[in-house]
Amino acid sequence: MARVFSGMQPTGDLHLGNYLGALKHFIPYQEKDDCYFCVVDLHALTVPGDPEALRKKSLELAMLYVAAGVDPNKATLFLQSNNSAHAEAAWLMQCVAKFGELGRMTQFKDKGQGSESVTTGLFTYPVLMAVDILLYNTDEVPVGEDQKQHLELARNLAERFNRQYEEIFTIPEPRIPDTGARIMGLDNPEKKMSKSAASPANYVMLLEDEKTIMKKFKRAVTDSDTEIRFDPEQKAGISNLLSIMSVVTGKSIPALIEEYQGRGYGHLKVDTGEAVIEALRPIQQRYQALAKSNEIEAILTQGAIKAREATSETLAKMKHAMGLVTF
Ligand code: ATP
Ligand code: MG
């Protein structure tokens with residue numbers, strides 16, 4: 001049985017990219033593996049935001065995990081800040097991580113844009129992410145393609161710690177899906193779909209109403225050609241629609257290309273919109289039911305207890321290996 005860990009930030013609203021690139025793939029693991037799924041609320045603090053909104057978004061995200069199929073009887077679901085081992089281990093690991101390697105993280109460069117006034121948390125957050133994973137002796141981490149570099153850092157830090165101090169950490173493997181690992185913005189298929197995108201035309205939110213979803217797909221930016229072909233370089237918009245359609249319906253991309261040959265972009269856009277609406281409908285229904293109950297509180301309380309139990313030994317080993325004395 002493998003140990004599986006993954007997390008998502010409670011900033012903004014979850015979008016189709018988060019679902020198709022990550023969340024959807026969490027579900028099958030819980031049938032056979034020991035899974036820890038986390039709302040990484042400490043990560044959300046790296047950019048300024050409203051405390052009340054963060055509280056609300058954290059619970060919403062936890063409910064979305066369950067609505068999308070995470071079963072609290074099979075997997076552990078918890079809020080990162082409820083297990084203080086994460087913040088504590090992050091400090092220890094910051095004393096192993098190098099300034100230079102953190103400066104090379106492309107997400108920091110993108111989000112920080114060289115500004116002097118970004119928080120130091122935004123700079124050091126990949127270290128927190130590394131210990132999120134390492135504290136659970138994780139074997140596999142299902143994530144989208146944009147997290148590849150952060151996973152590489154987590155592996156490097158684990159190896160360095162093991163060499164420098166003691167062999168404590170398992171070296172985690174990223175699990176990036178073949179299709180859907182990088183869903184692109186509907187308004188700009190050159191950039192990834194993102195919660196922090198400037199325009200809402202960029203993303204489809206998991207809880208968005210059907211009419212708006214369809215409108216966004218109909219307006220999805222494509223090219224001025226008419227040929228349906230999978231070519232993310234030359235035909236980013238069409239390739240993005242094909243990827244979305246493929247993950248949502250389970251049909252292969254070549255099969256979809258054949259099906260839509262000579263039928264024009266309009267059909268593909270509408271059918272993709274419809275397939276997405278169909279896929280999201282049961283998630284939205286389960287979410288509405290959960291939001292009316294206070295079930296999530298008991299789930300997260302249980303999850304926090306299990307998460308603390310799972311990490312206490314590794315944290316103690318880490319401290320001891322580094323020379324800290326505990327009474
Ligand atoms: P932010 O812009 O605030 O960083 P985000 O949309 O990148 O938000 P995260 O919470 O950082 O969301 O990521 C959660 C998970 O979703 C990660 O596994 C990440 O790789 C995945 N993910 C994010 N965006 C996409 C995308 N466009 N396509 C596929 N997977 C994605
Ligand atoms: Mg992100």
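Placement of Cβ uses the backbone N, Cα and C atoms for every residue, glycine included.
Positions annotated as ATP binding site by TrEMBL: Gln9, Pro10, Thr11, Gly17, Asn18, Gly144, Glu145, Asp146, Ile183, Lys192, Met193, Ser194, Lys195, Ser196. Annotation comment: TrEMBL describes Asp132 as L-tryptophan binding site. According to TrEMBL, the feature motif ''HIGH' region' maps to 10-18. Annotation source TrEMBL lists motif ''KMSKS' region' at 192-196.
Structure with TrEMBL features highlighted.
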residue	record	contacts (Cβ under 8 Å, 6+ apart)
Gln9	ATP binding site	Val40, Asp41, His43, Ala44, Lys195
Thr11	ATP binding site	Ala44, Val47, Gly49, Lys57, Lys195, Ser196
Asn18	ATP binding site	Met8, Gly144, Lys195, Leu206
Asp132	L-tryptophan binding site	Phe5, Gly7, Cys38, Val40, Gln80, His86
Glu145	ATP binding site	Gly21, Ile176, Ala181, Arg182
Ile183	ATP binding site	Leu16, Gly17, Leu20, Gly21, Gly144, Lys192, Met193, Asn240, Ser243, Ile244
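The Cβ of Lys195 (ATP binding site) has 17 other Cβ atoms within 10 Å, all protein chains considered. The helix, strand and coil residue counts that DSSP assigns across the motif ''KMSKS' region' (192-196) are 0 helix, 1 strand, 4 coil. DSSP assigns Ile183 (ATP binding site) to coil in the three-state reduction, outside any helix or strand. All chains included, 25 other C-beta atoms sit within 10 angstroms of the C-beta of Met193 (ATP binding site).
Taking DSSP states H, G and I as helix and E and B as strand, the motif ''HIGH' region' (10-18) has 3 helix, 1 strand, 5 coil. According to DSSP, Glu145 (ATP binding site) sits within a helical segment.
Counted over all residue pairs in Gln9, Pro10, Thr11, Gly17, Asn18, Gly144, Glu145, Asp146, Ile183, Lys192, Met193, Ser194, Lys195, Ser196, the record's binders of ATP, the longest Cα to Cα distance measures 19 angstrom.
Among the binding-site residues listed (Thr11, Asp132, Ile183, Met193, Lys195), Thr11, Ile183, Met193, Lys195 have a CB atom closer than 6 Å to some atom of ligand 1, in sequence order.
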